[in-house]
């Protein structure tokens, strides 16, 4: 691997993570995307597809929710794929490089989120002066830190780890190689179990077994089972009453006060809501940056603009695809507040001690109302988005894409990226428009029972897809045999007569039970790797050739 290739791969890793911050969480950093990209750059696309797909299956249930820091797939997938290609590792062995790299890579994200608190403080100082340019500079500097905290470790890992991994590859033979192969093969069980845990209820668990049995007995691929699951889900929803989410239109149009030009700006800037993400304020700078063109227009007085900027630099966090309704309602309220001036007085904000403007006297819209709307909508929208998109939509297409990637199909990353981001952009736009159309009555007019039916249908599709993944791509068997008379009895053939793919199913159910019991996911991952290595080295478990 040349220095130029290492620099390019490091830039891609940093950019993929940066896209989560500034471009709307497009899932460019998923392994099913970066594995093939790495393979393309290094001239071995099949290995890139297979390693990327394998790593995607392991972390299929991992998601960046709230302030959590999951394994960093940008670092893990690029390092694992690149070092595997350069050192001649097979895909199973490559996972034992990629998984630790992804786990260690999370420290880069931790550092970026911690350092970004400095830029929040800087943004507050610029807000005191009403300087939108200063806040913009803090946002971009924060994003640059996030980029560097991923790109630099990736480059160092590529340069320094190459000789180490090549030396290890030369020593992997016999029982050690068998153990590593089994360890890599059983790791996806954790991803499947974590995903099941987010989707399953007692009444829906049978759909997991339906998907598994279809794949194990009939050879149905993951895509076929997922499509069948979608049809079953549609029938389920229809029989329970359909999915008319909005009961009726609101009489008032909240967007009437906000020009179409400002609405479009809010839409495009909403993609950057996670910019300069910090542990203390999370999406505060990103949300404020999205509001700045509107605030500058409606508050020509610098003092009023300063007060507006400061009140939006407080804590904010919601699902990155669903800030639209909050932007719409806050834009409407800010416009009403600006066009119906009331007497104001300065007081200390109880959160951070900074001076803010507080309304005194009668007013249709007070500062407290604006802050209350933001605070009341963050949680519900995050809950819907996390379960519908991170917990259902993305894993379903991750599984379909990974199943194609395991066959070195060049369409794998596109099958994942294109549908997911079509839904992403459409949902982002429609929810913003719904916020403007329905105004403060948005949540009053959502049919909660219809929303629940929609989530149940999505869970059915997801559970059947996970079952098919277990029955298709968790490839572990029992190679033990014994001689009875003149016949050689193979234990795996006996198990197949009971149920095909029984061992992968039992491993997945064991891990699922541990997850439901609250066991730490990292400890489960280590246990799978160590247990798989030991059983593989002893010849108790094996991987079909």
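Here the Cβ of each residue, glycine as well, is placed from N, Cα and C on the backbone.
Note that the structure is predicted; figures quoted are calculated from it, not measured.
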Transmembrane segment according to TrEMBL, located in which of 387-409, 410-432:
410-432
Quick check on the annotations: TrEMBL lists transmembrane segment for one of 18-35, 72-89. Which range is it?
72-89
180-200, 243-263 - the one TrEMBL records as transmembrane segment:
180-200
Recorded stretch, among 72-89, 180-200, 207-237, 498-515, maximising Cβ pairs under 8 Å relative to the transmembrane segment (522-543):
180-200
As a test: from 72-89, 141-160, 180-200, 207-237, 498-515, pick the stretch that has the greatest number of Cβ pairs under 8 Å with the transmembrane segment (453-478).
207-237
Would the transmembrane segment (141-160) count as touching the transmembrane segment (40-60), if touching means at least three Cβ pairs under 8 Å and pairs must be 6 or more apart in sequence?
no
Please indicate, using numbers and ranges, the residues of the same chain that are 6 or more beyond the transmembrane segment (72-89) and have a C-beta under 8 Å from a C-beta there.
1, 9-10, 12-14, 16-17, 29-31, 34-35, 38-39, 42-44, 47-48, 51-52, 55-56, 59, 62, 95, 97-99, 101-106, 108-109, 150, 153-154, 157-158, 161-162, 165-166, 168-169, 172
Short question: most Cβ pairs under 8 Å with the transmembrane segment (180-200), which of 40-60, 207-237, 498-515?
498-515
